[in-house]
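Annotation comment: TrEMBL describes 9-25 as compositional bias 'Pro residues'. Summarising the annotation, TrEMBL assigns region 'Disordered' to 1-51. If you look up TrEMBL, you'll see 133-154, 161-181, 187-204, 252-270, 325-343, 355-375, 381-400, 412-430 marked as transmembrane segment.
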Amino acid sequence: MEPEHHPSGPTPSGPTPSGPAPSGPAPSGASDTLPTGAGKTAGFETATRAPEARVPAALRAEGRWWPWPAAAAAAFIVAQLLLVPPRLGLGWDEVIYVSQVGHHAPATAFSAPRARGVSLLVLPVAALTSSTIALRVYLAVVSGLALFLALLAWRGRRPPAVLALAGLLFWSLWITVFYGPQAMPNLWVAFAALGAVGCFLRAADDPTARRALWGLAGCAAVMALMRPMDAVWAALPMLAAPVLVRRWRRPALFAAVLLGIVAGAAEWVVEAYVRFGGLSERLHLASEFQGGLGPHLAVGDQLRSLAGIGLCRPCQAPWPHPAVYLWWLALPVAAAGGVVLALASRGRRRRADTVLVTACAVTSAVPYLFLIDYAAPRFLLPAYALFALPVADCLVWLALGAARSRWRPVTASLVLLALAGHLAVQYAVLGRAVTRTDASHRNWQRIADGLQRLGVRPPCLVSGPATVPIAYYGGCLSIATTGPNVNITTAGILAAARDHNVAVLVPPGGRPPGYAAAWPSHPLPAPGTLARYRVYIEPRP
């Protein structure tokens with residue numbers, strides 16, 4: 001958690017025309033694959049108990065499953081490329097992650113809470129080119145593939161159309177589309193968490209499923225590689241389940257989750273000792289960097305941030321229109337509906353699936369709702385991805401199973417109408433977020449260009465407020481002698497000034513540091529909030 005700038009049903013479970021249903025355990029794809037209720041199968045069993053052949057193939061868990069989730073993933077890629085322009089410049093945190101492996105500018109200071117998973121993710125592109133367009137297209141394609149692989153882990157546990165609906169519900173959020181092509185960690189934790197739960201359940205059902213165990217460990221490692229503490233919170237139910245659930249008491253399940261997290265967090269732990277003096281010291285610095293972890297009710301902050309705010313800290317933004325956050329209030333209700341449907345079903349596997357994925361969604365959201373005093377909408381992406389499955393179950397039941405057959409067209413139309421309204425609101429917010437972000441990033445580029453006209457060209461150092469992106473855009477290194485991003489001393493600045501251009505940004509009414517007091521100053525060529533800043537530039541001989 002760091003202050004970064006800135007969603008089924010069985011085949012008919014009643015007696016078949018040829019006789020009563022078997023009393024043994026349901027096979028894969030049978031009565032534990034769609035929500036049931038009031039003796040009906042999620043709306044797919046008519047009042048006359050139609051035979052299984054009348055259930056659409058896409059609403060059974062068996063058979064060819066991949067086209068539906070693949071279509072959802074492909075649509076996600078297209079939505080990113082169309083709605084988030086690939087030319088969108090890098091954001092504050094993206095600069096930090098990309099600069100670790102790119103060649104456009106020196107590596108920016110890497111603070112205690114951050115992990116290097118995103119840097120590894122962008123390495124194949126950032127090491128070859130500084131093109132932002134290439135990076136955006138790469139991340140859009142890879143995020144679509146990641147969504148498909150996360151849904152792949154649930155193959156046979158949900159009908160393909162329900163899996164596709166879950167994927168659609170997740171990426172229908174403006175937050176998901178906005179951060180899909182960005183070099184940020186939260187979305188990748190979400191994909192890995194969804195895949196991890198699916199692999200856990202497959203391995204729990206089949207002790208011989210070694211690939212599922214490896215998939216579980218791999219997904220846990222990816223979560224920890226991106227954000228170690230998020231991995232722990234999301235995995236808590238998977239660590240507890242082998243202890244609390246008798247039929248899951250297999251050491252291999254617990255070990256796969258634990259060892260995956262350990263493997264993914266290994267670099268972060270080693271770096272804690274190399275750079276920060278130890279693990280406890282790094283954890284302390286990370287907590288301090290975030291204002292201290294403790295009891296804080298951030299629910300209101302999260303609601304405010306849904307209006308398209310990248311980082312709400314301190315969160316003093318006005319409340320948005322209720323239409324903006326109505327989906328957020330409906331989310332836990334719909335997820336609870338999915339859980340109730342699962343508990344009312346005859347399939348033991350279905351009940352276990354739904355309860356576990358919902359539990360993981362809840363634990364992954366806890367720190368960002370109750371332990372920090374600020375908000376960013378991306379923080380809850382793992383919870384949204386995990387909640388998408390029970391929500392999809394609930395919507396399918398509402399559309400096709402909640403009413404008698406003559407009312408199903410009405411209920412289905414109402415669900416579709418609600419989804420259409422949801423999409424309209426989401427993409428109105430997305431459009432505003434993209435416009436605002438693009439303008440901000442263009443301002444950083446203009447400031448960097450202005451500094452270059454004043455002689456601040458690579459190799460160069462830039463110090464002061466908001467200099468991380470400005471320095472990167474100008475090919476410089478952002479420096480700080482105090483604060484969480486400290487990476488140099490005053491003596492180091494003076495020594496570097498012999499062969500580097502050095503600039504210091506000073507806010508209105510502020511004074512330059514002692515070493516720059518005698519340097520010539522100029523109005524900062526900046527629009528907006530930085531327009532009244534001055535820049536002190538070390539004179540060159």
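Every residue, even glycine, has its Cβ placed from backbone N, Cα and C.
What you see is a predicted model, and the numbers here were worked out from it, not measured in a lab.
Ranking 133-154, 252-270, 381-400 by CB pairs under 8 A with the transmembrane segment (412-430) puts 381-400 at the top. Remark: the transmembrane segment (325-343) contacts the transmembrane segment (355-375), by the rule of 3 or more CB pairs under 8 A. The stretch from 133-154, 161-181, 187-204, 252-270, 355-375 that makes the most Cβ contacts under 8 Å with the transmembrane segment (381-400) is 161-181. Between the transmembrane segment (355-375) and the transmembrane segment (161-181) there are fewer than 3 Cβ pairs closer than 8 Å, counting only residues 6 or more apart in sequence, so the two stretches are not in contact.
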